[in-house]
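Q: Mind looking over this structure? Questions follow.
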Amino acid sequence: MGLLPSTCSWVFLAVKPQEMKSVMDRLRCSPGSAVTTRIWISVAAGISSSTLLKMLSDGQLGRQLIRAMPNTAVLLKCGCVTYSTDIQDDSITRSFETLMKPLGLCVRVPEGQMNATCALSGSGIAFLLMALEALSDGGVKMGLPRALSSQLAAQTMMGAAQLALTAVEPPAILRERVSSPGGTTMAGLHALEKGAFRSVLIDAVEAATRKGEELSSSSLVNSNS
């Protein structure tokens, strides 16, 4: 690891969770580490703010911390970034949100909600891609070519997301608008209900959240060892 310049006021900690402690130890030895007003931004999954703050404090690196979690869609500038921080200076949080805004949606949440937001918007990418893959498989089963089926599934999912983002009504009302009595959509929705579609998605978010909490607890134990 190179030296940390004293003029560097914002530092992103984009490392694997298991490498965070060793990285912090090396940063402490950097000549530029004495700048305690520096803002630290961690995007390491599963490490709580309390654990990160302890690492910063032990290394005499200050206590200005932002814990953030982007999802992979930020690569296309249509992602989500959730963050939590104890920083009281609004100018700092506004600067951070301005920095993140080109990547998509940026939302501040309480620390206690970080694992849930990581599960929903972070892991949720994988959940929705699995749903998209299943939609495409359904089209193929009904005789559509794979390329066309995948294209229609992806475009349909994007359209549904745009409808949800721009409409005033909740998703349930939007769904009702395309669910004619006795029609094809109602037949499909009935099949989804029989397969516990909604319950499975809820369970997936809960499972991912619990795993995040487990990783956070593990990181706290390891930081104290």
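Yeah, the Cβs are placed from backbone N, Cα and C, and that goes for glycine too.
Feature list, courtesy of TrEMBL:
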BINDING   ALA14, VAL15, LYS16, PRO17  NADP(+) binding site
DOMAIN    111-215  domain 'Pyrroline-5-carboxylate reductase dimerisation'
Q: Using the centroid of the Cβ atoms of ALA14, VAL15, LYS16, PRO17 as reference, list every other same-chain residue with Cβ within 8 Å of it (recorded NADP(+) site), in sequence order.
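A: Other same-chain residues near the NADP(+) site: LEU13, GLN18, GLU19, MET20, VAL23, VAL43, ALA44.
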Q: Restricting to the chain of VAL15 (NADP(+) binding site) and a gap of 6 or more, list residues whose Cβ falls under 8 Å of its Cβ, or answer none.
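A: VAL15 (NADP(+) binding site) has long-range Cβ partners VAL23, ALA44.
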Q: Who sits close to ALA14 (NADP(+) binding site): which same-chain residues at least 6 apart have their Cβ under 8 Å from its Cβ?
A: VAL43, ALA44
Q: Pull the DSSP breakdown for the domain 'Pyrroline-5-carboxylate reductase dimerisation' (111-215) and write it out as helix, strand, coil residue counts.
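A: Residue counts in helix, strand and coil order: 89 helix, 0 strand, 16 coil.
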Q: Average the per-residue pLDDT over the domain 'Pyrroline-5-carboxylate reductase dimerisation' (111-215) and send me the rounded value.
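A: Average per-residue pLDDT within the domain 'Pyrroline-5-carboxylate reductase dimerisation' (111-215): 96.
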Q: Judged by the number of other CB atoms within 10 angstroms, which among LYS16, PRO17 is the least packed of the binding-site residues?
A: LYS16
